[in-house]
Number of protein chains: 2
Amino acid sequence: MAQVEKLSSSKCFEGYVCRYSHVSSSLGNLEAKFSVYWPPTTKVATEKQPILYWLSGLTCTDENMMMKAGAQRICSELGLILVCPDTSPRGSGIPGEDDAYDFGTGAGFYVNATTPGYSQYYRMFDYVTKELPQVMENNFGVKSSKKSIFGHSMGGHGALICSLKLPGEYCSVSAFAPISNPVQCDWGKKAFGGYLGAENKESWRDYDATELVKKGCRFPKEILIDQGTEDNFYKQKQLLPENFQQACQSTGQPVELRYQEGYDHSYYFIATFIEDHIRFHAKALLS
Amino acid sequence: MAQVEKLSSSKCFEGYVCRYSHVSSSLGNLEAKFSVYWPPTTKVATEKQPILYWLSGLTCTDENMMMKAGAQRICSELGLILVCPDTSPRGSGIPGEDDAYDFGTGAGFYVNATTPGYSQYYRMFDYVTKELPQVMENNFGVKSSKKSIFGHSMGGHGALICSLKLPGEYCSVSAFAPISNPVQCDWGKKAFGGYLGAENKESWRDYDATELVKKGCRFPKEILIDQGTEDNFYKQKQLLPENFQQACQSTGQPVELRYQEGYDHSYYFIATFIEDHIRFHAKALLS
């Protein structure tokens with residue numbers, strides 16, 4: 001496995017925010033960047049600690065969470081490692097990949113693409129669930145078996161499907177304003193059509209949290225979701241958390257969907273409730 | 001006075017981050033933007049509350065502080081209004097104003113320029129100390145007499161000179177990695193040469209915190225400064241907090257200069273110590 005290169009390091013709440021680059025086999029051997037917050041008690045490469053994975057939303061990179069959410073204060077206090085991958089491969093050269101904010105670059109949707117061109121590069125599901133944990137274990141000696149996952153919007157969708165498709169892999173899962181039923185919304189239809197094929201709608205269900213729950217996938221603990229009531233994308237029916245909640249209720253999957261009055265889709269919403277979510281994950285990771 | 005227009009509003013820690021636009025008389029009638037965090041207990045236009053002004057550094061806008069520092073959590077708890085102006089006028093059309101990161105757009109240095117062209121637009125000192133507090137009072141009914149000021153880098157310089165030049169105006173002042181002796185560093189020489197004239201070096205001293213203290217200006221309370229030891233601009237002698245400290249010590253101006261081991265010049269440094277600074281200001285503002 002190719003070694004990771006450290007691009008930058010900034011001390012933050014006694015720990016360090018570090019940005020790394022590596023050649024990713026899941027992403028067609030393109031260069032991939034990711035960011036890690038190392039809490040102060042982490043002894044890199046000697047002590048093994050649990051990891052919290054954060055998946056960002058459309059147009060984001062590995063840096064948004066670190067810069068905007070204020071998560072480091074709490075991860076520092078609790079001694080949690082926070083890992084933030086990018087939201088897509090970059091620079092594949094596929095024609096049109098940079099043309100839209102909601103497809104291609106910055107919009108990988110955490111699936112393994114099967115369509116011509118994309119299937120070679122856009123394998124974010126494998127990247128997030130297999131390659132990146134392996135990179136963390138091989139390069140930094142942290143235990144890959146103890147991990148949790150959360151995310152925002154497209155990344156909330158990502159967190160939900162990763163945890164539902166791989167039971168036993170994650171200790172806990174939560175999401176902010178997740179795209180909860182992508183086969184039913186415009187964002188999801190466009191992305192899944194492009195990455196999985198317009199004709200292969202049956203395969204779309206394998207990357208849809210609501211459909212996965214309906215099919216019988218289960219996460220063994222309660223899933224936590226926060227949704228702002230003034231979120232324009234929620235109002236436009238791009239997120240559909242109510243569909244996910246309904247599927248959970250009718251199949252016995254525990255979920256807590258909290259509607260947060262007046263909050264929108266921005267990182268100001270995430271920053272407000274990030275402490276809640278991290279402490280929720282800490283309970284599962286540190287117990 | 002022209003009315004302010006609200007550009008956006010996002011709920012954050014039960015309060016709101018709002019961005020406004022107005023026509024600024026100090027800045028040659030150009031459109032100026034500023035951001036405000038309204039804590040949840042603020043009754044806009046009815047209750048009068050103290051204001052904490054934040055001045056950002058080179059290349060920043062009114063948004064950096066709101067997005068990156070995590071200040072809202074603490075301002076929400078304490079009920080403090082946080083106001084962040086832009087770092088320069090924008091769109092004056094002066095030839096070359098967009099050519100460098102450290103002069104012109106995004107680099108107003110909080111002075112009243114006197115050189116041809118710039119003197120019409122680059123009057124950030126008046127904007128920050130007079131016009132913006134007036135805008136806050138006239139449009140939102142908040143009491144302009146109870147205010148404090150802090151900032152980062154170029155904005156730390158701004159906070160220091162505003163408080164030293166206007167004794168009695170601010171209840172407290174603090175700075176992160178301030179440009180503390182601009183007449184002695186490359187950034188300051190370039191900016192002051194351009195805004196005040198290369199020939200008018202005597203006038204530069206009126207906008208230099210270290211020189212102001214040497215000349216006898218005093219702030220009636222202790223000034224708080226944090227400086228990271230791994231700050232590249234500190235190592236390059238752009239900041240020179242030791243000069244300011246020395247001037248304070250030799251003239252009896254109380255100052256606490258804290259060297260923070262391992263921290264750099266980024267917002268990760270600011271985020272780490274922002275709570276300290278806001279609580280420092282709250283002591284003065286809420287007493």
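Indices start at 1 and increase along the chain as displayed.
From the backbone N, Cα and C atoms, a Cβ is placed for every residue, glycine too.
Pulled from TrEMBL, these are the features on record:
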type	residues	note
ACT_SITE	A:Ser153	active site, charge relay system
ACT_SITE	A:Asp231	active site, charge relay system
ACT_SITE	A:His265	active site, charge relay system
Set of same-chain residues at least 6 away whose C-beta sits under 8 angstroms from A:His265 (active site, charge relay system): A:Ser153, A:Ala177, A:Gly228, A:Asp231, A:Asn232, A:Phe233, A:Tyr234
Cβ atoms near A:Ser153 (active site, charge relay system) (within 10 Å, other residues, all chains): 25
A:Asp231 (active site, charge relay system): tally of other CB atoms within 10 A of its CB: 23
